[in-house]
Every structure is written in C-alpha cells, then in structure tokens.
Amino acid sequence: MTVFDLVKKNMRKNISRYSLYFFSMIFSIVVYYVFATLQYDQSISKVIGEEMRLQGIFNASNYVLLTFIVVFIWYTNSFFIRQRKRELGLYHLVGIEKRTIGKMIFYENMLLGIFSLVVGILLGTVFSRLFVLFLLKLMGLSFSITLTFSLQAVLKTAVVFLIVTIFISFQGYFIMYRYTLLDLFQAESKSERVNKMNSKRSIAVGGLGILLVGYGYYLSSGNIVTPNFFLIVAVVLFSVIFGTFLLFKATIEWLMGLYREHASRYYSFANMLSVSTMMYRIKANARVLTLITILSATTLVAVGVTYSSYYNTKADARSMQPYDYTLHSKNAAQGFMDVLRELDIQSNQYVYHIVKHSADLSDFRFITSGYYKDREQISFLDEEEVRKNGVSVPALSANETVIFDSMAKGKVFKPSTGKTAAVQLNKSEELALKVVKSEPLLILDSDSAGYQFVVNHDTFIKLSKAGKKQAVYVFNTDDGNKQNELTKNYHQIAKEAGESRTSYYDVFQAGLMSKGLFIFIGGFLGLVFLMATGSIIYFKQISEAEQERKRFEVLRKLGFSVSQMMSAVRKQQLFTFGLPLVIGILHSLFALKVITNLTGESLIVPVLIADAVYGVIYFIFYWLTMNYYRMVIKRL
C-alpha cells in the first residue's frame, strides 16, 4: 500500500469528521476572496467613490479575517492530529516509518487545503456579483455594474492560503518526530486527565468566579467616564474574562455537585449520566469554553454596534440635519422655492434668526469632558420665533437658556442643566445665562448654527445689538421621488450663492454608504467567527462521542435503549452548547448596555437580531452533534 493509498483511505474514512471543517474553510476563503475582489475592482471604486478608501478598508478586514483563520486552522488541525495519535501509533507499530506517516499527514492536509482553496475561489467567483449587489443594497445604491474577473484577487487568495496550508501541513509532518510510540498510544488517556479539586477549594474558586463576573458587571454599570476610564475598563475585562474561566473551571462543577447531592430528581438514568459527564467535560474544556464565550461576546458586541449604527442611520442623519434643506441667502432661498414650484413639490418653509456671539463656557468643561471650549461662538435663538416654528421650549426669564445639543444624550456628553454661560455684551456689561434644560437634539444643523442656545425674546434683542445677526432659511419637503433632482438643484443654487451646504439627504446617503460598508464587512466577519467557534465545540463533541463509544456499548448490553441514552446525551449537549451561548450573550448585553449609556443610542432591536442569529447558528451545530451521537449509538 502506497502513501497515497493511505491518504485516500483516511480521507474517505474521516469524511464526516472533516466535512464541517471543510465547509468552514470554504466559507472563510469565499469571504476572503470576495473582500479581495472588492478591494481591486475599479468599477466598485467608481460607483462608491474613491473617498471611501475601499482598498484600505478591505485590506484591513482581510488581515483580521486571515489572523482568525490561521488560528482556527492551526487549532483544528492540532485537534484532529491529537485525536489520531492512536491511529498513527498503530501505523508505526506495524512497521511504517515515521517519515512515511509524516508524508501521509502532509499530503492529507495539502489536499484538503488545496481542494478548499479551489472550491472557495470558484464559489467566490460565482457569487461575487451577489455579494456586490448585497453591498450596494446596504449602501442604498442602485447602480448596474459589471464585475470583472480579478486575477489579483485570485493570486492574493491563492498565495495566502497556500502559505497557510503548507505551514499547517509541515506542522502535521513533524508531529511524528515529537512523540514516542508510547506517547501516541497514551494520548487519549492523557487527554482525559483533569486535576481534581477538594470540595472546599471548589466552593472557594466557584464562588470567586461568580463574584468576579458580578463585580465586572457592577463596575461597568456605573459611571465609567472618569479620569480613570482605561483603568476601569482593564479591571472590568480582567474580572469578566478570569471570572468566566473560573465559572467553567469550578463554579459549574460546584453547582452541579449541589444539584447531585440535594435534588431527588437526580436519581434517574438520564440525569445521572448527563450530570456526571457534564461536570467532567466542562471542567476539562474550561479554557476552550472561556475562549469561545469571550470571542462570541466580542463578536456579538461588534456586530451589534455595527448593525445598530446602520439601523439608526436615518435618526442620526436627522439629528445632524433637522430640516431637509438649509440656506443662508434670501435670494438663494427664493431661487430654491422657484425650483420647488417647478418640480411641483410640496414643502414647509421656516425662517430663523440667529445671533452669533462668544460665551465663556468654562463652567461646562468638567461635565462635558472637554466637549466645550472656554470661549465658543454660540448661536442664540429667539424663544418666541423657535416656538412659532413648532419647536417646544419652556417659558424663559431674562437670565435663563435652553441648550439644544444632539451630543448631550449619553454619559460622555452629559446634559448641562444647572451650568452657567457668561456672555460679555460690552466692556462693562456681562450676561449670565443659567441652563434650565438640555435637549438632546438640534434646531438647526450644526454647520449653520453650531452650539444652539434658546433665550428669552428681550435677551435675544439685547444680544443682537452685541453680536452678529443673520437669517437661516429651512425647508422640509414631501415628494421623495424627486429628491435626487431637487438636491442637485439645491447644490447648484447654494454654489451660485457662495454657500457650501449639505442637505439631510446628503448626510443620510453618506451615512448609509459608510455604515452599509461596515455592516457588510462586520456581518461576514461575525459569521466566520461564530461558525468557527461553533465548529470548535462540534469537533470537541464528536471526538468525545468516539471516546464514549465503549461506555455506550456497556450501557446497551445492560439493556438501556437508544432513546434513553439519547435523552442523556441531549441534556449534556444542550448544556455544552447552551453555556457559551447564554454566558456570551449575557456578557455582550452588559457591554452593549455600557455603550448605550455612553452614546444614548438604542441598541435593543439590533442586539436582539444579532443574538437570534447567534442562537440559530449554535442550534445548527447542536443538531449536527446530536445526529453524530445518534449515528454512533445506533451502530453499536
């Protein structure tokens, strides 16, 4: 029998074990290839615009993806080799040289890697246009493009993954030289050893795990925007990560021990078998489960934040541009109204008068973390005019003001209620304005008005004598079908008037393009990460299914049915997949709560969607694992 005969035999025998690894590899290569295609395709750059810097963005994304893929391939390859040590030992025992066995492993890895690469590039080429259409849809673009075959993308993908495959193949080749024959035959028993804790130590370590995670949650729930921000973040990360490790290492074992000792329902076959196995497995895999949980939580946070940013694009654009169109020139405003009539577009028009004047805002500095400078050009608006234009403001006295600031909705830029702004009217007179209310929105766009303070009518008259007064003309329109044509006319009118203006639709489209790009990248990277972490758990479980084959044989001989054993396995696997899922989601929810507090943005809907996708992916891996166990048990 030649080396290639052994390779073919082994690959056929292990096809079910390699299938998910093969699928994960192909999906990763497809994503990498598509990112590379988008990086080099000129038609995409022309449609989206050079200012998006697609090459740099997709190149950076590919580095992140590649780093994770290398770690994933290295781990899974090491895992498969560990599981095959006994098989390799048998080959050596019957007289096959270590060099020949090393070649066999090398060729297996090379064939698997090259086949994955070829299939991945072919699928990437076929589905590239679909990926691009999806990207353009996310970015709110409806262009028809011709995606060309990119030789650069093929070469980049091929070179990168061939290097990775060769490296992993050599790792497999040298495995035989690192172990003796005895080590290979004892590999399974060595992997089964887990240090035991006495009951007191288990209680202490288990309790510490709960305390550390709880302390991390508690610390992150408070106000972390302090001079010690980075120290607090470091403490939170350490507490949650190390606490999670202790949860898997000791806390779960301790809690199950309590259940075993005190729960009368424990004394049933399914419970005894599943609980005893879970106590051992979770403790043995503590490091892997911790890594998967933290990585899953990080992925969920990243995807949740990215999606929430995209989800809130319209609201964010409106917070920056309260009105659809803004002009400062009366002639320009009149010209724009003529265009509205020509296009037969209904609109609402308002006029605001603002006074630009500097103010001493040193009293604001601490509460806003330096958001305001000591002296700034403030736009003061008349309370009566603001109310007349439909904006709700309370009645103000001569020394009171309401701040309209879209940034003041989180813990970073807090509301400035109670603070005092000092305005120097002239050399001898100073006006002290106390903030009675902070509104987390703008009346006018920030380009037109900057920081916006609404004051009493008499105070506004007084300020208009000391500062620079100007009119701002704003428009809201109804007909969305003609917005592109209207916006082109708007920019032409503003340009002729010497104004550099941005409409609400410009801001919305720019936000949709940038955020759509990032959710496209983040979404696919997140899928790769979650599939890889789910695959790792799956590989561990099918390996343990093989290790438990003898125990299942004994149970079958004792008269236990397939359904009884599957009931025990079902509980065990629900726990194995459910723990990283639940704890990962819990960690991500607390992290996202912190982000919500800091930014003031609602993340509920995006987070629920991300968690649901995460749950579906893990359920698929759970279902695949149960099918594998069922196959093992039925074959006995």
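One is the number of the first residue shown, and numbering goes on along the chain from there.
Here the Cβ of each residue, glycine as well, is placed from N, Cα and C on the backbone.
Sequence-distant contacts of the transmembrane segment (20-40) (same chain, at least 6 residues past either end, Cβ-Cβ under 8 Å): 54-55, 58-59, 61-62, 65-66, 69, 72-73, 76, 80, 112-113, 115-117, 119-121, 123-125, 127-128, 131-132, 135, 147, 150, 152-154, 156-157, 160-161, 521, 524-525, 527-528, 531-532, 535, 538-539, 624. Annotation source TrEMBL lists transmembrane segment at 20-40 (among others).
The transmembrane segment feature in TrEMBL is assigned to 60-81 (among others). Same-chain neighbours of the transmembrane segment (60-81): 17-18, 21, 24-25, 28, 31-32, 35-36, 39, 105, 109, 160, 164, 168, 171-172, 175, 521, 525, 528-529, 532, 535-536, 539-540, 543, counting only residues six or more beyond its ends whose CB sits under 8 Å from a CB of the stretch.
Taken from TrEMBL, the feature domain 'ABC3 transporter permease C-terminal' covers 63-170.
Annotation comment: TrEMBL describes 111-138 (among others) as transmembrane segment.
Residues annotated as transmembrane segment in TrEMBL: 158-181 (among others).
According to TrEMBL, the transmembrane segment annotation covers 202-219 (among others).
Positions annotated as transmembrane segment by TrEMBL: 225-248 (among others).
Per TrEMBL, transmembrane segment is recorded for 288-310 (among others). Residues 138, 240-241, 244-245, 248, 282, 316, 512, 515-516, 518-519, 522-523, 525-526, 529-530, 533, 536-537, 540, 579-581, 583-585, 587-588, 591-592, 595, 601-603, 605-607, 609-611, 614 of the same chain sit 6 or more residues outside the transmembrane segment (288-310) yet have a Cβ under 8 Å from a Cβ within it.
Residues or ranges marked as transmembrane segment by TrEMBL: 517-539 (among others). Residues 17, 20-21, 24, 27-28, 31, 34-35, 48, 52, 54, 57-58, 61, 64-65, 68-69, 72, 75-76, 79-80, 134-135, 138-139, 288, 292, 295-296, 299-300, 302-303, 306-307, 309-310, 576-577, 580, 610, 613-614, 617-618, 620-621, 624-625 of the same chain sit 6 or more residues outside the transmembrane segment (517-539) yet have a Cβ under 8 Å from a Cβ within it.
Long-range contacts of the transmembrane segment (574-592) within the same chain, counting only residues at least 6 positions beyond its ends with a Cβ under 8 Å from a Cβ of the stretch, are 216-217, 220-221, 240, 244, 247-248, 252, 274, 278, 281-282, 289, 292-294, 296-298, 300-301, 304-305, 533, 537, 541, 603, 607, 610-611, 614-615, 618-619, 621-622, 625. TrEMBL lists 574-592 (among others) with the feature transmembrane segment.
Per TrEMBL, the feature transmembrane segment maps to 604-625 (among others). Only residues 6 or more beyond the boundaries of the transmembrane segment (604-625), in the same chain, are considered here, and those with a CB under 8 A from a CB of the stretch are 20, 296, 300, 303-304, 307-308, 310-311, 526-527, 530-531, 534-535, 537-538, 541-542, 545, 573-574, 577, 580-581, 584-585, 588-589, 592.
Mapped onto DSSP helix, strand and coil, the domain 'ABC3 transporter permease C-terminal' (63-170) counts 91 helix, 0 strand, 17 coil.
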